[in-house]
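Notes follow the structure.
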Amino acid sequence: GWLFWRLMACGRRSKDSKRQVILFILCVCVCQSGAETLRYSLAEEMEKDSFVANIAKDLGVSPGQLAARKARVVSEGNEQLFRLNQNTGVLTAKESLDREEICPQSDTCTLFFKIFFENPLQLIRGEVEVRDVNDNSPVFPEKEMVLEILETTSPGSRFLLESAQDKDVGSNGLQNYSLGSNSHFSLALGTGKGGAKYAELVLERQLDREEQRQLNLLLTATDGGSPPRSGTAQVRIVVLDANDNIPVFGREVYEVRLAENSPPKQLVVRVAAADPDEGSNGKVRYAFTQTSERSRQLFELNPATGEIRVAGNLDFEEAENHEMAVRATDGGGLSAHCKVQVEVLDVNDNAPEIALTSLTASIPEDAPPRTVVALFSVRDRDSGENGRTTCAIDGDLPFSLTPTFDNYYELRTNAALDREKTAEYNITITAMDWGTTRLSSRESIFVQISDVNDNPPEFTQEIYTMSVTENNSAMLRIGSVNATDTDAGKNARVNYALVRQEGKEQPDVSVNSENGDVYILRPLDYEEVRAFEVAVRATDGGSPPLSAQAVLRVVVRDENDNAPVVLHPPPDSSAAAGELVPRWARAGYLVAKVVAVDADAGQNAWLSYELAKATEPGLFRVGLHSGEVRTARAVAERDAPRQRLVVLVRDRGQPPRSATATLGIALVDGFSDAHLRVSEEAPAAEPDGPLTLYLIVCLACVSALFLATAVAAVVRRARRSEAETLPTFPKAATESNAGSLPRSYVYDVCFAAGTVNSEFRFLRPLFPCLPAELPPGPGEQRSSVCSQDAANLGEEGD
């Protein structure tokens, strides 16, 4: 220490820094070489902060110097195990020390540390020996050791045991082994090259597995500590078997009774042979020996369990008994034998069997009752009541069964058949035995009924009504007739034909013989024939053939193929003769009426009238539907005396057709002038037979009535001095003279000697103030009637 301080002083007096470093290194080396090593010991497992040593006392310094020089302790390694108290100079352990953890592989455990001082720098080495304490017991690697020893192993055989481990060292380590008491083994101890002790089991008496399968021994390891510690382990001795026993069956003969309807896999019997050996020596396998091939097919033997089960279908009728030999063999090849006798019990396990001998697959529907359809037999393999059978037909069918001989049956018809109701029969025959549990079987026989022509065709309608438009094309299809026949094949094949009637012309229609299509042979004219009827016959292909009839009515539809025809005025009449209209005629004066007809029907015959051309377009008008020509306004003086009208008559067909009528009209000042003009213009004509006479007589009667009415009116007016009213028409007069014109009009009717039949001249309405009749001209008669209502003079009678 003195040297250290001296050198440091020399270093301080030196001004050369390089020399200071060299002197410092030399100082450290001197200090290291000259420093004294402090040695201490500490028992392991001491508590935390346990006392190790008093460093200040051991170094001869005061605790104050330790603090002044900043003394501290540093352990080797990363972990600091010690702590130095600078105030007291005491060195303590920071944690409890475990020697087995710090030094696991060493018998001695030494910990090194250094104490550093500053001002001046000083380093002191120290070491602490951690003393072992007996804190660990011997431990075996496994809690149980298993040894397998053959039962035939000879005595004196040795078996090495696993050694115990003790973490303590020295006298605290493993020292001895001991074995629990037993009658077969002893323990022998030994020491290895490293000084480790081991134990061996020695077999003292031979083992017998059948006597004792295994032995459990307790092995104890003890250390030399005070107090001593110990550890134990179980030693299980498994005695291995030797094949020194043969299998033994419980019975020499196994007798079993088994029903013949036993299902497959049903257990028959289980044979068992016991072998006291173990392992493969005691494992017994079973097999059939000296057993017939048929028995091997009917029964199966499980080689591991000895179970015999049903493998096939047992049949009492085939074999009543089965005998089998079973051999049991252990793993060592030793074997034993037994017998199994199976008695098969008879049960009703066979259903009746139906065998079809002959069959008529098809029979005609007119076959008589008791016709044989099929022949079959029934057999039951059982015997006695189990083999006795009975047969029946399922359902209500027109068939019956008749037994014959040796369980043969005949299938016969028992009623009339009708193919149209039932075309085929699926006959199910059930055969049943008389066993306790009755068994049955079924057989289906398919019988087809062949057709006989016993049904005539039937039309779907009694009357077929078809329509065709006139002017049709030739061979036009207008529809079809249809008839069905409930028979089959050619008996149901229907042909169609028209029924020809004697004395009548060939109809204008034809029918396709195969499909019943109806055709019109030639164009038809609605105006000639509007409808006609023919009879159609449907005949089947049977032998003899059957037939039926229906009525075919053909209605001809109208087509607008006729133009209107004008009846009045006649097309060939002279327009110059014309109609006479007085100059004083007012609006609505009836001039004439165009009458036309149309040969078509319906809408095609609806006619309308219109004025197509006129000398004075605004003077006349034509009723649209009536054809009446009337004045549209009062006749004026400026109007031409001769008027010519062209009236267009048109129907409503598509396309519409039309015709024209020409009227000649003369405007006259008075009746006389008109009469003279008509007489001059009209050529003389001879009386036209009795028709003119009849007209004259009728007009005379009417005139007489008018005269009587006029007289009555005058008398009545004379009685009324103040009232002036129009004369009233008698009922008979109005009914006789009204015609197709309104009541409110009265006309002068003039007949000349040269007039034709039904020629009328509508001149003008007469006013009620006319006092007297105009005298008739030569060969003429005149009558006049006054109107009852002057207000209706201008009214048009459409």
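Think of each number as a place in line: the chain as shown, counted from 1.
From the backbone N, Cα and C atoms, a Cβ is placed for every residue, glycine too.
Annotated compositional bias 'Polar residues' per TrEMBL: 781-790, in sequence order. What TrEMBL lists as domain 'Cadherin' is 38-140, 141-249, 250-354, 355-459, 460-566, 581-685. According to TrEMBL, the feature region 'Disordered' maps to 776-798. The annotation signal peptide is assigned in TrEMBL to 1-35. The transmembrane segment feature in TrEMBL is assigned to 691-715.
Model confidence over the domain 'Cadherin' (250-354) stands at 90, taken as the mean pLDDT rounded to a whole number.
Residue counts of the domain 'Cadherin' (355-459) by helix, strand and coil are 4 helix, 55 strand, 46 coil (DSSP-based). Mapped onto DSSP classes, the domain 'Cadherin' (250-354) shows 9 helix, 47 strand, 49 coil.
When DSSP labels each residue, the domain 'Cadherin' (141-249) comes out as 3 helix, 54 strand, 52 coil, counted as helix, strand and coil in that order. Here the domain 'Cadherin' (38-140) is broken down by DSSP into helix, strand and coil counts: 15 helix, 40 strand, 48 coil.
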